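Peer 1: Here TrEMBL flags 1-11 as compositional bias 'Basic residues'. The domain 'Nrap protein' annotation in TrEMBL covers 168-309, 314-452, 458-607, 622-816, 818-973, 977-1106. Feature annotation from TrEMBL assigns region 'Disordered' to 1-45.
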Amino acid sequence: MSPFPAKRRKLDRSATSLDDSETEQRSTSNASREDVVPPKPTNTTRLLEADDAALYVGGLYKSSLFKLQVDELLREVVPNYEKRFGGLTTALHKLKGLIEGIEERGALSVADATKWLHKSHRIAVPYPDPKPDKNAAYKLSYAKPSHINVIGSYTLRTMVKSDSTLSVDLLVVMPAAIFQEKDYLNYRYFYKRAYYLACIAAGLQQAAQEDFIVAFEYLHGNDLHPILVLKPRSDESKPVPSYAINVIPAAPPMLFAETKLRPTKNNVCGKDGVEGESTILLPTPFYNASLRSDCNFEAYLKLLHSVTKASDGFKDACMLGRVWLRQRGFASRLSDGGFGHFEWAALTALLLKFGGPNGHSILSPGYSSYQMFKAVLKFLSSNDLVAHPVVYGPVDFVASTSSSPVLYDGQRGQNLLYKMSPWSYNLLREEARASLSMLNDGTFDQFEATFIIRTSQPLQRWDCIFQVSLPSHDLESTSCDHRSSMAEFGFRIAEILAEGLTDRVKLFDIKIPSTSSWSTKAAGPTNEPSSLTVSVAFDPATIDRLVDHGPPAEEKKKAAKFQKFWGEKAELRRFKDGSILESLVWSPGSTYAIFENIITYLLKRHFGTVVASSLRFTGEGFEKLLPGSGPSTKSFEILKQSFSALEKQVRDLEGLPLQLRHLSPVSPQLRYSSIEQPLFSSGQPLRNPADLSIQFEGSGRWPDDVVAIQRTKIAFLLKVGSLLEEVDESIASRVGLENEDKPLQNCAFLDVIYGSGAVFRLRIHNDREQTLLERQIKEKSSDHRAREDAVLALSVYKRLFLQLPLHTQSIATHCTRFPLLSPTIRLVKMWFDRHMLAGHVREEVIELLVVRTFLQPYPWRSPSSTMTGFLRTLLFISRWDWRAEPLIVDFTGTMTSKEVDSINTRLEAWRKIDPTMNRTVLFAASNHDTSGTAFTDNGPSRLVATRMTALARSACKLVKEKEMDLDPRSLFATSTADYDFVIHLSPQFTGDHRRKEASKPKYKNLEVQSEASMEKVGSQPVLSYIEELNKLYTNTIVLFYSEIPGSVIAGLWNPQAVATRSFKVNLMYPTRPANGEGEDTEDVELDKSAILAEMARLGGDMISEIVVHR
């Protein structure tokens, strides 16, 4: 069965962010404030009408395909409001009536009001920390709300589909009479708000209990904003409704002066609200903005409503922004970055009114949704709102710089980004920059990367993730602003990481676990988080640096600050250039070991041993899976040095009939991509020779017959070998034969074995072969079999002598450019091998899959760790529809859209010629091979490609479910239960046994090359055995083998061969009477036992057991 779903793209929304809890501060309702009836759904069908077509023709969309994809996306993500919110209107009417009918309560002291609610209704008041003073002079009271209305994206109709519960916001505006002029000071407003909410909960407790489950929750995770969440109950007669209603208390718009709540003001000044005379109080921007946001619900309601009327593309731009944010893990919740749908919509609305030159706006109301979306990304990426705060609107206010971003809406007195932390803002800007790069890419279609692929999966986004526990002691706050103990710890961690890691990392993110809803009987959530998660993206160029340079000794203040921060680790050192600098020296090790040492030391110094001991890191486990010395390329460099020496010796040879033109490497070992590192020594030569292609200058003396050319190559190789042995006594050479049953293909090679243990295998490239083979293919007089042999020989020739040298050069170059490309390729190859697919998928195809992750990395940047490179490659494989999409790798970055279209057209042509994909299944093209079939002709089969996709999807699913608890080894574990039979090999023939033998220590004086060690060069008995079985049973069985463990060979019976059929003479496989019947039957079936017995006989001592599953 095909692993591919229907072609229509679906959003990956399986881990929907909490931004779908529609608690945004906006609405487009034009109804009376006393009327809570939601507006009827409007017709959201989007057709390519004349005006829209004119916009498209004018170049306002990226391409025609992109335009169609955006239109389909917008249609796809719109929920069915009538179906999803059935019964909502009745519920809202009922709640409105119940809230308006709640009895008013006179003014009581804090202690009496709290005690009365608890005693009479068992309702706890969700006061924020610090709790109110029981002896406070102000009173708490409850009065009928001034009005109630529905707000949020439900009324704006900008909701998007989600697997989680969608929420509708019910705004309850508190009367101004219950507040006093100074209530904006010292949490007094928030205490009265919490009491008002508790009174609503008490009023709804009995009346709404039958229809709703009532609980408290923090609005966007802000503990200053508790709300009521009402979820409809279900019964046997109706299913569980998929929505919830959020009851949000709000302040009247003009309750407090805007000037009192600006980001530069302090409103948490003392116990009784009296400002100190001798101390300078720091600003409280988060506290002020939280209070101001409670006054601005209706102001933003009017703003968004007016913009929706003025701009046709606004709503669709908001939906595109919402999808984009959700796929990147952003939402309005503090734990999700503090930038969600409301912030996007409000920012877009402001840019439609302000921000341009000469008082004009940045955006035009006539922009299409795509233009508007892209312009907002441009604004986010190009403006640093931390270093350069922005103020929009007619207000006499200049924002001061701070560590947090400021986008101040002067008309409404609101910093839209007040919930964002410095690290979440940096991440948002980086995502915006990456998306802009994608959208500006005119060569490849980036629609899926922009809107479909979820980039927030932590193991695919970050290089290292660590968890750290909250200190047991209270931290000294450096700010007067409102922060929880966990938030304060997060800010302290961020300051230490920024100063301690400097340029070692590009980005980091700190996640504080979000709190869930809790019972109205409790004053706060019971599951308070005890640890936070820090995620880091490395800078590969600097992360493994062993010496950090600090300030020079002459700069006393900076040097003292450096010493205070690093403590005993800081030391004064003199360097070669004569400079004397404060320095840090770290112990050598892997990238992760160095990083973990730095983090552990920093946390131990600044938070103590207990906090440092709680660290739990994730990320290094993938590199540890690599055989040999992990991600190091030292062994590859040693082999390349030996190759350079061989090349020099061959060029300097005297006595060759023709001069050397090229000596090109074509082996994975010479392009840093073999699973096992090329380890060798004088007593242990390289087991698998490194393949080379040698080409001499042209000559008219070569024969005009392909077979004769192959025989002439043998004489050339013998001559080269003898000359090399003459110039270097340590060299041993021998000529070998191959393809003996294929006379048109290369028939000989030369093994050159150095005394150091390096081994190279040379094959001669003669460009005249191509001309002769092409001529033979075109000859109509030759028989069909001869032309087929010529076609196959030409395909092998092009792959071996034309494509492989270019491919090897490109991979080696990019492994130098991207140091992590080599270990990532090796790890992906190891994944293919462990799942016994490597024998079917050529190494070059796997390398193309991986290098695409680095060269076309969208929606991310190029991987900066082996883990991210590996997991992103698996994600691509799991999503790759190889039936309809080619794999295209642009090695040079110069490929044009016309070339990409040509490759796509060629794939379509192949699918028409070969619709059943019997010859070409995967189509892998690059700059060097636009045909797309150089490495995929005649393999892998459709069966293997389908299994590859299924295994990749299972791996991605496991990564998503486990996240930080993932054991990397589980991705490489394979089962043999799916196979029909399994051949177990004797231990002495397995790959693990060979590696153990090679790793045994030997005395130096005994390390000399012997005939026995020479005979092992190039010897692969298991692969030779599999090759022989494939020749004998091509149409009967499919074999799978893993070379790294190398302990089993698994097989599947061909269903067509197993089927019962009538007896006839000269069947290609052994048969027996069907169903064990007598001689009278004319039907026969495959004799599986006879084939397995013959396979065991051919294997001899190599086979220890054959287990038959079916």
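Backbone N, Cα and C atoms are what each Cβ position is placed from, and that goes for glycine too.
Remember, TrEMBL labels are computer predictions, not curated facts.
These figures come from a predicted structure and were not determined experimentally.
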Peer 1: Of the residues in the domain 'Nrap protein' (168-309), how many are helix, strand and coil by DSSP?
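Peer 2: With helix first, then strand, then coil, the domain 'Nrap protein' (168-309) has 54 helix, 30 strand, 58 coil.
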Peer 1: For the domain 'Nrap protein' (977-1106), what's the model's average pLDDT?
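Peer 2: Within the domain 'Nrap protein' (977-1106), the model's average pLDDT equals 79.
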Peer 1: Give me the stretch from 168-309, 314-452, 622-816, 818-973 with the greatest number of Cβ pairs under 8 Å to the domain 'Nrap protein' (458-607).
Peer 2: 168-309
Peer 1: Based on DSSP, tally up the residues of the domain 'Nrap protein' (314-452) by helix, strand and coil.
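Peer 2: Summed over the domain 'Nrap protein' (314-452), the classes give 69 helix, 12 strand, 58 coil.
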Peer 1: Please list the DSSP helix, strand and coil residue counts for the domain 'Nrap protein' (458-607).
Peer 2: 55 helix, 38 strand, 57 coil
